[in-house]
Every structure is written in structure tokens, then in C-alpha cells.
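Per TrEMBL, the features are as follows:
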type	residues	note
ACT_SITE	Glu451	active site, proton donor/acceptor
COMPBIAS	45-56	compositional bias 'Low complexity'
COMPBIAS	59-70	compositional bias 'Basic and acidic residues'
COMPBIAS	75-93	compositional bias 'Polar residues'
COMPBIAS	94-114	compositional bias 'Basic and acidic residues'
COMPBIAS	170-188	compositional bias 'Basic and acidic residues'
COMPBIAS	202-212	compositional bias 'Basic and acidic residues'
COMPBIAS	535-547	compositional bias 'Polar residues'
DOMAIN	275-550	domain 'MYST-type HAT'
REGION	1-117	region 'Disordered'
REGION	170-223	region 'Disordered'
REGION	531-554	region 'Disordered'
Amino acid sequence: MPRRRQSVHLGSGSDGTEDSDSSAEREQTNSSESDGNMPKRTRLTRASLRLSQSSQDTPDVKRVGDHDESPPLTPTGNAPSSESELDISSPNASHDESVAKDPALRDSDKDLSHRPKRRRCHETYNFNMKCPTPGCNSLGHLTGKHERHFAVSGCPLYHNLSADDCKVKATTREKHEEESKVQEESNRHATRHQMPTSKQTRYKEQVTEMRKGRNSGLPKEQKEKYMEHRQSHGNTREPLLENITSEYDLELFRKAQARASEDLEKLRIQGQITEGSNMIKTILFGRYELDTWYHSPYPEEYARLGRLYVCEFCLKYMKSQTILRRHMAKCVWKHPPGDEVYRKGAISVFEVDGKKNKIYCQNLCLLAKLFLDHKTLYYDVEPFLFYVMTEADNTGCHLVGYFSKEKNSFLNYNVSCILTMPQYMRQGFGKMLIDFSYLLSKVEEKVGSPERPLSDLGLISYRSYWKEVLLRYMYNFQGKEISIKEISQETAVNPVDIVSTLQSLQMLKYWKGKHLVLKRQDLIDEWKAKETKRGSNNKTIDPSSLKWTPPKGT
């Protein structure tokens, strides 16, 4: 195929950045799904996304039934799909990492030798783990039934006890429980109007007598002792509780602590929580259950639970599904705060000021860190504007993705951080966010570029977008000489990004002391064929739907 050579003079930035041909060729077709019977929850894993990237096909998302408020759980506490228990040993593992086959897979999936290993939830203890309480050797358990512990909830030292004390208390509790069972069995056939027995009356009087002194103040010596304990250990130990209330109430509290510790131990063994690792494994977000990829600095009391429940509208995070259900019944938010600056069909973009809506933006950053490796900013959100893309239906505007942008960037960065939610990946929304950021740069009459370093998925998306922009420009270009500066001014893409993309496409050559741009007609024809094949399903940004003026100052 003949190639027409057109000359162009480049400046000192012509060396660009390192690019690979394979990454530049990663351009995926958009997938469309019917809106008929929308399921309530979908479980997505990073393994499934990587699997779909390698197969060049639309990901097959496992759906769960509509008739339940929550998906049916397997013994591990996860949704019973073929990908529900997939685990990646390292979040930075390469795409061609060799893994063993899982013999428990269905026959139709046995040919997928590159599927990651299944997490073995029956492995009860990892002896490399240690209890986070300072000075603790991880021996004993608050319940008195286990030889080791790895979490604060089961640590005897944290509760100012020893392992032997816990065993003695456990024996006493079991004895009392057996006596209670015998008493309940004897009274099982008694009517509710029957008078209390003499034994019950004496027990009630004893409880009343024990509770008489619970409101009396502590002696000065005990107060000093308690304050000294607090100053010595801080939050690493439970406060001293003796004599603060009656012995009866304190014993009830100790029983509740032991019972809760036992329940947490069972959930940890089943793999439903990872207390002690401070790593959130899954989040419940709307009708989706998402496996996280990286650590996010949520408060420790939330991170240690392993599973987080997040409101998909206000992004408030909660500890349990019951709290989430109650919150959703009262939450009045149906879209992000701020101004709606773009709307076309069901797609909207809201401009949220980090200074005016600080809590929402902080929660958005914490949520984004679960899926981004290079993000380091979580709480200092005031210098940034957040552009949140949503998809609307009859229940509200659902979060698709967002990008943040500095209000005053000296290097003309038009994107500081960008994320597409996992359930919307590989559907064209990432390119829409990138295209929208460059549209804002055009309105501002500036040349933009994303802030480095980019995440692995972000780099792939940007290179694919730059390639598409350049090939479209080449297709519509009718002149004889082409200039990098003219391309940059028309597309708002930084010249360095243009040069690096041309190098990856092998369209930039050095000949007789000059840099020449080669118009490769084969690549242009291939891009045009894909563009035609996409047709009306192609997700694009319409500049006429933008209702936005650049902010004049902050």
C-alpha cells in the first residue's frame, strides 16, 4: 500500500514517551445490554475484567435473581457464581500470569487455563499473621475456645485478661447456660400468667440488690488508676470497667463481647470478613457486589470488617446491610450534588466543587482508591473540581465514573484522577469521560493532558483515545503539509501525547534531518471500518449538549 509522506517540523519534545504497539492497538467495541429485566445485584471481579480484556469480547456478567433483597450465599458468604470466589494474589499481576486450573469449575469452563486460582476458605489460620495489639503473642481467645487469635475482638490482652482467665470464664458461662436450659425445659409448659416461682423471685431480688450501687461514684484512687491505665495504653487496650457498673451488668456485657467475638471468628473462618488485615475485600454498591483491587484508607473500624456497604447516591459507607436498608429508606439524594453541566439522553455530568461538597468528594475519593493503584489524595479535596458522570433510570442517577481536575493547574492538567466504575468498564464510558475532559479544555481554549502517573487501565484508555483522535484527524485532513501544533490546537491534546501516539503507530519517521508524519492509509481504513460497524451504539460526547462556562476563580 503506498504511503504519502508529509513533512512536519517538531520541537524539543519530539522524543515523546515510551509506548508499545500492542497497547496502542487495544481498542474495544462497545457492548450494549437490554434494559428489560434489570437485576438487583451483579458481582464483578477484577479477574473477570482481565479475562474479558484478553478475549476481546464483551464481558459475561453473572446476574443474580430479582426475588431476593440479597443474593443467595454460598458457605463462603459470596454470591454463587463461577467467579464469586476468584482471588488475585497480587493486584499488579500481569495478564499472562500462569495459574493452575480449578477442578471445581464447570465442564464448559475447564478450557480456561488462564483463570486465577480459587481462594480456599477452609484454610482457617495463617500463622504468619499476628494480633495487632502491642505486646500480644496471639495466644488464647476471648471466648476461651480457641488456641490462637489474630484480631482485636478476640484478644484477651486487649480486654485486660489472660488466656487462662478467658478459659475459666468460658467454663462458668457454659455451666450457667446449661442451668438456664434446664430451667427453660421445666417451665416450657407453664402458662404466661403463672406466678413466678420462689427461685425466680430470689434471683430478681439478687439482681436488684447488685444493681443498687451502680450509680455510686468511683473512689479517687480508682479514678487515678483508670486514668493512668488510659494514659499508658491509649486505644491499644480496653478501658478498665470494674466498679463502673454493677457486677451483674458487667457480666452481661462480657457475655455479649464473647458471643460477638465467637460470631466474628466463625465469619472469618468462612472467609466473609478479613478482620485484622484492614483490607476491604468487597463492597455492596447499589445492585452490584464489587470485589476491590487495592487498599483504601477507610477508618479502621470499617476496613477491618472486609465488606463495606455504600449508598450509591450520597456515597456514605456503612457496616451492615440493615443499616444500609434503613439509610436508603431515608436518603433523599438521587443524583450527585453540584450543577448538571451536561445531559444527553440518560447520560449526565455534574460539576461538584470540592470546597462546597467536601464530604461527598472525600467519600468519592475513598471509593475510587479501591480500584486505583496510584491515587494518593483522599481528604484534601478543596482545590479540585469533580466531574461525575451518571446514567439515569426511574430510580435515580447511578454513578458511572468521574474525573477530578485542579481549579488552578500550572501545568495545564485537565485531569488529575479518572475512574470508571467496574460495572461500567469496557462499554465506552471511559472514552466518554476522557473526551469530556478535552471538551472542557477546548472551551477554555487550552491544551490539556492527564496528570501522571496513569493507572494501567487509564494508560490503555488514553492511548486508545489519542489513537482514535489522530486517525479521525488524518481521515478528515485534505492538505499536503500537517503540523503537530495545528493538531494540538484543534484537538486540545498535548503535543507530547500526539508525538508518543504517532510513534506507537509507526507514523513518525526521521528522514534527511526532518521529522515526517506518514499517513498510513491502512490504519485509517481499519479505524473507519470499526467506526462504521459501531454505528449508533457508539457512545460519544455531543458538544452542543454542554452547558458550562469556565470558572473565573476560586
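Each Cβ is built from the backbone N, Cα and C atoms, and glycine gets one as well.
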If we skip the immediate neighbours and take only residues 6+ beyond the ends of the compositional bias 'Basic and acidic residues' (202-212), which ones have a Cβ under 8 Å from one of its Cβ atoms?
196, 246-249
Tell me which residues of the chain lie with their Cβ under 8 angstroms from that of Glu451 (active site, proton donor/acceptor), as long as they are six or more apart in sequence?
Leu411, Tyr413, Val415, Ser416, Cys417
Give me the DSSP three-state residue breakdown of the compositional bias 'Basic and acidic residues' (202-212), ordered helix, strand, coil.
10 helix, 0 strand, 1 coil
